[in-house]
Amino acid sequence: MSVQSSSGSLEGPPSWSQLSTSPTPGSAAAARSLLNHTPPSGRPREGAMDELHSLDPRRQELLEARFTGVASGSTGSTGSCSVGAKASTNNESSNHSFGSLGSLSDKESETPEKKQSESSRGRKRKAENQNESSQGKSIGGRGHKISDYFEYQGGNGSSPVRGIPPAIRSPQNSHSHSTPSSSVRPNSPSPTALAFGDHPIVQPKQLSFKIIQTDLTMLKLAALESNKIQDLEKKEGRIDDLLRANCDLRRQIDEQQKLLEKYKERLNKCISMSKKLLIEKSTQEKLSSREKSMQDRLRLGHFTTVRHGASFTEQWTDGFAFQNLVKQQEWVNQQREDIERQRKLLAKRKPPTANNSQAPSTNSEPKQRKNKAVNGAENDPFVRPNLPQLLTLAEYHEQEEIFKLRLGHLKKEEAEIQAELERLERVRNLHIRELKRINNEDNSQFKDHPTLNERYLLLHLLGRGGFSEVYKAFDLYEQRYAAVKIHQLNKSWRDEKKENYHKHACREYRIHKELDHPRIVKLYDYFSLDTDTFCTVLEYCEGNDLDFYLKQHKLMSEKEARSIVMQIVNALRYLNEIKPPIIHYDLKPGNILLVDGTACGEIKITDFGLSKIMDDDSYGVDGMDLTSQGAGTYWYLPPECFVVGKEPPKISNKVDVWSVGVIFFQCLYGRKPFGHNQSQQDILQENTILKATEVQFPVKPVVSSEAKAFIRRCLAYRKEDRFDVHQLANDPYLLPHMRRSNSSGNLHMAGLTASPTPPSSSIITY
């Protein structure tokens, strides 16, 4: 009988001790199951013992004999190692099971040849008893132990891998880096499977091992462990630092939050105090303005209600200041009449000249005699007045000089009275405006300093239009003054009309919101109060508009007017350079604000309610259709806006150029070039603008020819002949370096060489 393994073959009949240690395939599986369930103490668990009892009795006896022999050989020499001990050691040291040392197939066919008799069982039990009594010696003398067929070279080392013969090591698994667990081929036969009886093993079974080797030593492991401990300490230290930093940051956040709350509270207190102070100041200003208005009512005049039939009208009554001026004017007129009468009497007493002194005397005697004869002067009871005595020539000239001086003095007084009257008229205009403002403010629902949108504190009313009120307000967020325009819709309007008005206001807001230029009033905000009220917040300008200035001063110098026109044209150029371009369409003195209230300062353009957007859809080569014909201020619109036809007229930015020309003319001459004393209805009915083919300039005041030429270019009747905004911006009259013409410079140089004409005569003065 021969036993064949992966390391070689052993011939000879096996002894009973060999048979007792030769496991069957089923016993090998049971052994593996038992070893897998064996705790580190070496004693199998209850589950493993239950599996052993469930086996065939014959196999159970073989396994018992094998484990008994292994247990007895565990204390012997190093050549015969105990499998159970090795399994227990492997589980503790290298985490290998007993199956990794000798993988046994769990499958073994039951054949009649392998059945043994009762005697073999008895001999096996006898061999087991001998193994127990020998305690580590070789089993019997009839054969070898099954462990003798495997030549262990590693001695009794702790790892089973060290005791595996080199011949049966798998080269594929010797360099494997997988986890230290056994890998057993399921179909490989066990090398310890021996045939019982006289039947040899037909097919040898091969063993497959998975070997893990490492270069780590205890020092390296200790170093790695120490490094790991240091890393953990560093990480823990870093975590502690981060936790402390996090705590510090949280503490700082809490402190900053408390500080923020404190600042918010302080800010709210400041805002509340600012509101209180602003309201107090506004209240005092209202009181002072009303007191001043009451005083001016007596001095300048006031409105009185007069009944005319069934209606009542307001009539203006002048105050004592105007009455005194009227009395002074009457006294001056009376004095002038007296002086004229005395001058006539003085002319009668004018002495005759030396040549004519004798002729009147000779001729007077016959006349006297004739009168006496006819009238009977000698018997006439009436006494005739004596003829005025003739003055000497010196006396006559003396009286004549006195009368001339008195007339000159009266003329001077009359001029002063006229100047004072004009000044009082300007003050009266302010007074009338203030009276209307106070009346409108008293009737307004926003008179009690409300805060709109939780931001804008209303101070006092600036003015009132048809459907809007403009208040001076204070922005509590930005800490600046602003002008709040409150649009109030008529509650009796239809919803369609309200929607159109609101749409128009939103359109103005969208246009104005995108504009950013120093010569255009900025639009800050837009919000609604209710369904019938919405507000727009504009930049606040301290001064008045140009229309009020012209009403006060009638006109201005050419330099001041030119400065205003330059700023207007600069703003128009900006409106035509943005995309899409914009036509203002409502340029007039009322929409030009004087920042300082004077003509020598900055201006700003406002009111884009009628402006037109020249987008690609509506603007063509000839311009865009005028869809709002009839709107605007007629004195400042060009003739093409009044053309009535089947199709609407075409307009372009030349509409604003015409308006610039009219404004410049009005600033220079104090009157409008077309329809000055006409109403808008008269202008529309009489076609005044359509007939304005040429502009006529008054004689006074004197204006330079360059300014007149500039006005003619702006007021060209045909829009094809009129400048556009870009051409107007490049006009030589508006360029600072063109104020001195080349021709005048040449004449000046010629005058220096030919005549002693002063150099200033060749400079164009405005």
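Just so you know, the numbers here start at 1 and follow the chain as drawn.
For all residues, glycine too, the Cβ spot is worked out from N, Cα and C.
Values in this document were obtained by computation on a predicted structure and should not be read as measured data.
As recorded in Swiss-Prot, the features of this protein are as follows:
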| type | residues | note |
| --- | --- | --- |
| COMPBIAS | 1-19 | compositional bias 'Polar residues' |
| COMPBIAS | 20-33 | compositional bias 'Low complexity' |
| MOD_RES | T38 | phosphothreonine |
| COMPBIAS | 43-64 | compositional bias 'Basic and acidic residues' |
| MOD_RES | S54 | phosphoserine |
| COMPBIAS | 68-85 | compositional bias 'Low complexity' |
| MOD_RES | S77 | phosphoserine |
| MOD_RES | S80 | phosphoserine |
| COMPBIAS | 87-103 | compositional bias 'Polar residues' |
| COMPBIAS | 105-121 | compositional bias 'Basic and acidic residues' |
| MOD_RES | S134 | phosphoserine |
| MOD_RES | S159 | phosphoserine |
| COMPBIAS | 170-192 | compositional bias 'Low complexity' |
| MOD_RES | S174 | phosphoserine |
| MOD_RES | S176 | phosphoserine |
| COILED | 230-281 | coiled coil |
| COMPBIAS | 353-365 | compositional bias 'Polar residues' |
| COILED | 397-445 | coiled coil |
| DOMAIN | 456-734 | domain 'Protein kinase' |
| BINDING | L462, G463, R464, G465, G466, F467, S468, E469, V470, K485 | ATP binding site |
| ACT_SITE | D586 | active site, proton acceptor |
| MOD_RES | S743 | phosphoserine |
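Summarising model confidence by region, the coiled coil (230-281) averages a pLDDT of 94.
Between the C-alpha atoms of V470 (ATP binding site) and the residue listed as 'active site, proton acceptor', the distance comes to 19 Å. Neighbour count (other Cβ atoms within 10 Å of the Cβ, all protein chains): 5 for G466 (ATP binding site). Calculated from their C-alpha atoms, the gap between S468 (ATP binding site) and D586 (active site, proton acceptor) amounts to 18 Å. Take the mean position of the Cβ atoms of L462, G463, R464, G465, G466, F467, S468, E469, V470, K485, the recorded ATP site; other residues of that chain with a Cβ within 8 Å of it are I486.
D586 (active site, proton acceptor) is 16 Å away from G466 (ATP binding site) when you measure Cα to Cα. The Cβ of D586 (active site, proton acceptor) lies under 8 Å from the Cβ of D607, G609, L610, S611, G632, T633, Y636, each of these being in the same chain and 6 or more residues away along the sequence. Of all residue pairs in the ATP-binding list (L462, G463, R464, G465, G466, F467, S468, E469, V470, K485), the one with the greatest Cα separation is 14 Å apart.
Other Cβ atoms within 10 Å of the Cβ of V470 (ATP binding site) number 17 in total over all chains.
A 10 Å cutoff on Cβ-Cβ distances gives S468 (ATP binding site) a total of 17 other Cβ atoms nearby, all chains included. Using a 10 Å radius centred on the Cβ of L462 (ATP binding site) and all shown protein chains, the other Cβ atoms total 16. Classification of G466 (ATP binding site) by DSSP places it in coil, neither helical nor stranded.
If you draw a 10 Å sphere around the CB of R464 (ATP binding site), it holds 18 other CB atoms from the protein chains shown. Classification of D586 (active site, proton acceptor) by DSSP places it in coil, neither helical nor stranded.
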